[in-house]
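Peer 1: Before anything else, here's the structure in question.
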């Protein structure tokens, strides 16, 4: 068996799932994948590795490698390593990213570049998969091309590797096809099953007959346009190439609960310390007629060891919506068993390599707890999940549609009706009523419910033992009922939690409602980042934060104000804030507080943009619609701050549009004011980022 080392670096499980898919496909191509997380350094050794290396690397934050790869990246960036340290190593790398972020696929690019600097060579070209348009558009063909690339690599080494009898038989059965085709076309033997309506085999013969019958009957769908449940030609008449079904590997037993005192998990598992803290204050920062509702919450951290500084972020551990969990269990016909304990075991005869129990499902927890606190039931189902669901769908039309949505031919429909529409499992089960998946399938495919990150919006110097954060209540259209809106998993939960004592925005600075009933939430620290005030207090800084992106900068300003009080003779650099919102009178967050900082001189320049109002007349506000416009209105000062005064620029907020537009504006500013072309301006920004003088805290 031809062995290769397969490493993944994952943040939320995406890279791991893709690596597992590669591992499962490897056997059918005569390869053996030695699969490990890159953090499991005790299980592999690149210094002595003789086989080819395949890596799948995701990206997190603002272009950083995932947390699981931090140690690995640090080790390979040791400056004492010689340039031929990995000269023996041949590798192929698949990077995952999102082009909505400035530093697309940077986690993979960092590792790729460093491996080459240390002498490693590609046996297969690097792939960059974009979650913005659909990872599968690159992932699937990259995996398809991996097998001929590995085959070519092993042939170039000469000789045949040892194989077991079963492996030899497997290869022999493939020999006619292999010999009849060029090596670069061998990927046709990959994991896909060619499901032709003319040649589907005995198991699907009844479905084929039903499909033929359905063609001659009136459609039960009024809308003849393509939709989640309905396809149109040519897709509806095409033969389909669909993924091979992933081997099931879990056995699930439901054990009747012995009573409420029975020992079970009360907190979802986490590698980070978890703190239970009360919400001491909740303030609505926007007016009732604002397009988005923004809340400020204050946490009382006086009883826990939770240190933080302005610019830090932290995680809120949140549950799924109780009503959604109830609806899902009802649809799965498990509502009467929601208090039962879930016992998991690995199937004795599973074909899944390296099968293990999901670490995010605590042993002996109730069914309701698992679906409420452990599983991301809002996750958009991947194609492998759709493929598995199709096997448990009895209606021929519904089964065919699920197969279309996970097929190569149905990629456009998948993106439009599943991915872009943020369809979740409950949506699918309500749309395809004959789909009756077993519980083990859901536990195998639903990912871990992730904590939600929030920026600290306060300074411990001004608010000791308190922690502020700000968020918009996210509203999403529901795919199950046309008129309803779903709230964000975490923001909707928090809004409901604080509704009984939510205060209007009268005076954020001094209002205190700690005497109200204080619900408690779970929080955990996040890995430290560099989004902090510079150590050199005399360095000028530019802060760009529209909407809730202003949150960390309020903490910056609070911190700076207290430092100036403590050091009245200190040399403090200028502070610019570029803030933006829709309406001056509806969603101008922290308006009075920002004006206070401007009046006291802590904030040197406040430039505010109102995208939906007529041009403002007040002196501190420039007539620009967006923060990037305001930056360009002050291009000379911005360029001087960054290029001549060794200043810092911080950008916080939406990655999809704002962060890109701000980046483009900075390129134009540097190009114009420094008299260089745009390529040189981009290099200058890259240098600023490397020097940690251009810092981003952005989200999608």
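Glycine is treated like the rest: Cβ placed from N, Cα and C.
As annotated by Swiss-Prot, FMN binding site applies to 10-14, 93-124, with the evidence given as sequence analysis. Under the heading domain 'Flavodoxin-like', Swiss-Prot lists 4-147. For 272-534, the entry in Swiss-Prot reads domain 'FAD-binding FR-type', with the evidence type sequence analysis. Residues or ranges marked as region 'Hinge' by Swiss-Prot: 168-247.
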Peer 1: Taking 10 A as the limit, how many CB atoms besides its own sit near the CB of residue 93 (FMN binding site)?
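Peer 2: By my count, 24.
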Peer 1: On the DSSP side of things, how many residues of the domain 'Flavodoxin-like' (4-147) fall into helix, strand and coil, could you say?
Peer 2: 52 helix, 34 strand, 58 coil
Peer 1: Considering every residue in the domain 'FAD-binding FR-type' (272-534), what is the mean pLDDT value?
Peer 2: 91
Peer 1: Check each residue in the chain of residue 10 (FMN binding site) that is at least six apart in sequence and keep those whose C-beta is under 8 Å from its C-beta; list them in sequence order.
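Peer 2: Spatial neighbours, sequence-distant, of residue 10 (FMN binding site): 16, 37, 56, 58, 66, 68.
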Peer 1: Let me check the 10 A CB neighbour count of residue 108 (FMN binding site). How many other CB atoms are there?
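Peer 2: Its Cβ has 27 other Cβ atoms within 10 Å.
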